[in-house]
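The domain 'N-acetyltransferase' feature in TrEMBL is assigned to 4-151. Annotation source TrEMBL lists acetyl-CoA binding site at V83, G84, V85, R91, R92, G93, V94, L95, T96, S119, E120. Taken from TrEMBL, the feature active site, proton donor covers Y124. The annotation active site, proton acceptor is assigned in TrEMBL to F405.
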Amino acid sequence: MSDYVVRQITDAESRATFELLVRSLHGNPPSDERWARVAESWTADGRTGAFHDGEAIGIASSFATKLTVPGGGTVAMAAVDGVGVRADWTRRGVLTAMMDRQLHDFVQRGHVVAALHASEALIYGRFGYGVATRMATLQVRQPAPLRETVVAPGRVRLLSTDEAIATIPSLYQRIDTGRPGRIARPELWWPIAFNWHLHADGGNHRVAVHSGPDGDDGFAVFHVVPQNSYLDPERGAALEVRELHAASPEALAGLWRFLLSVDLIEVVNVRGRPVDDPVGLLLVDPRRAHTVGLDDELWLRLIDVQAALAARAYGSAEPVVLEVNDRMLPDNRGRYRVSSSGVERTEADADLQLDVDTLAMLYLGAWEAGPLALSGRITGASAETLARVDALFRTATQPWTGTHF
Ligand SMILES: CC(C)(COP(=O)(O)OP(=O)(O)OC[C@H]1O[C@@H](n2cnc3c(N)ncnc32)[C@H](O)[C@@H]1OP(=O)(O)O)[C@@H](O)C(=O)NCCC(=O)NCCS
């Protein structure tokens, strides 16, 4: 029997578990001021803790939101926003016990999927999470003017921190292009993940809003990092973009034009862009823009495979029968017949076998079936079956989340 218990935390344990999380990620203990900013968001609901003699030794936290799936529908999602085990308790099964409890809790709460951002890629596959969106890191070297034919008639204005905190939440809600992988940002997300950064580092983040013919339709959050030195006093700074969201191609081009026009900047760096960001195509000289990284973004866990598969749209192709294996949530095990008109459980022979983490990789359209088969994640499929899977699951735009939690 283990010498710790795993259970939902109480409100009285909120600050201790938040501190545990911050310390496990090697941050300083949160000051009273920082705690005051996050306390409202760090409620006990949805947070699983591990305790030894009443003391917190592990935390697996989540909040409820919605995920946009191919076709533009949404599913109920648990966003796992903080996982940590105290350093003197690691590798003794604490995370495994918390994940097990958390997944069953998600079933009870009716979440169709769960998702997280992983600090390391080795941790979450064993719990059924697969990489369902990927993100590009882009670097644009100045000068990088836009081509004359780019249509971007809108205007950009800078907001004060207070204006940004008051207006960006509703603007984000309005900017919804239906791209798979987007998540809704609930009220409790903003103080921890947005307002906090605007106040951090002496408040050097700037917020730019784009307005088109129908009003505000995009925003960017960025800050500038000096690169000059004693020996290189004239060197231009780096402009680092934290967020970039736009409702239309014109708004996106307008925001790129603004970010690339700020004076005294040598390079614009952006982490976490969709892999189909068109910035290189907007430029007179496309070689000014480089993709310098391609990383996993959202790790997705299908909690209710049937409901998740039924919620998304499919391309047109002959149906395919998937045999899904799920080690931790056995109700998901079985065969699913996926066709352009929907999904049903079936006893028919399977066209292929895959684990639930691999199904999550296909689910939003980030991966093609071929590489998944080549890497042994999909088994038993002919080349013709793989082509059918792609025709059914492929999406017109690359999935992307663009929200860190
Ligand atoms: C990552 C972390 C949560 C793992 O917790 P833990 O209680 O040590 O995990 P468990 O003991 O349940 O390990 C389960 C399995 O995952 C493996 N594992 C756990 N963390 C791992 C890591 N960082 N790298 C590789 N494997 C890891 C274990 O070896 C074990 O494998 P096994 O079942 O084959 O023996 C913990 O080390 C931690 O808090 N790290 C610092 C904070 C952090 O990275 N949090 C994650 C943020 S997304």
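A Cβ is built for glycine as well, from the same backbone N, Cα and C atoms used for every other residue.
In TrEMBL, annotation is done automatically, which means it is predicted and not curated.
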DSSP helix/strand/coil residue counts for the domain 'N-acetyltransferase' (4-151): 43 helix, 51 strand, 54 coil
Average pLDDT across the domain 'N-acetyltransferase' (4-151), rounded to a whole number: 96
Listed recorded positions with Cβ under 6 Å from ligand 1, out of V83, Y124, F405: V83
Inter-residue Cα distance where the pair is the residue listed as 'active site, proton donor' and V94 (acetyl-CoA binding site), in Å: 14
Residue among binding-site residues R92, T96, E120 with Cα closest to the Cα of F405 (active site, proton acceptor): E120
Cβ-Cβ neighbours of R92 (acetyl-CoA binding site) (radius 10 Å): 16
Rounded Cα separation (Å) that holds between V83 (acetyl-CoA binding site) and Y124 (active site, proton donor): 11
Diameter of the acetyl-CoA binding set by C-alpha atoms, the set being V83, G84, V85, R91, R92, G93, V94, L95, T96, S119, E120, in angstrom: 19
Lowest local Cβ density (other Cβ within 10 Å) among recorded positions: V85, V94, E120, Y124: E120
Rounded Cα separation (Å) that holds between T96 (acetyl-CoA binding site) and Y124 (active site, proton donor): 10
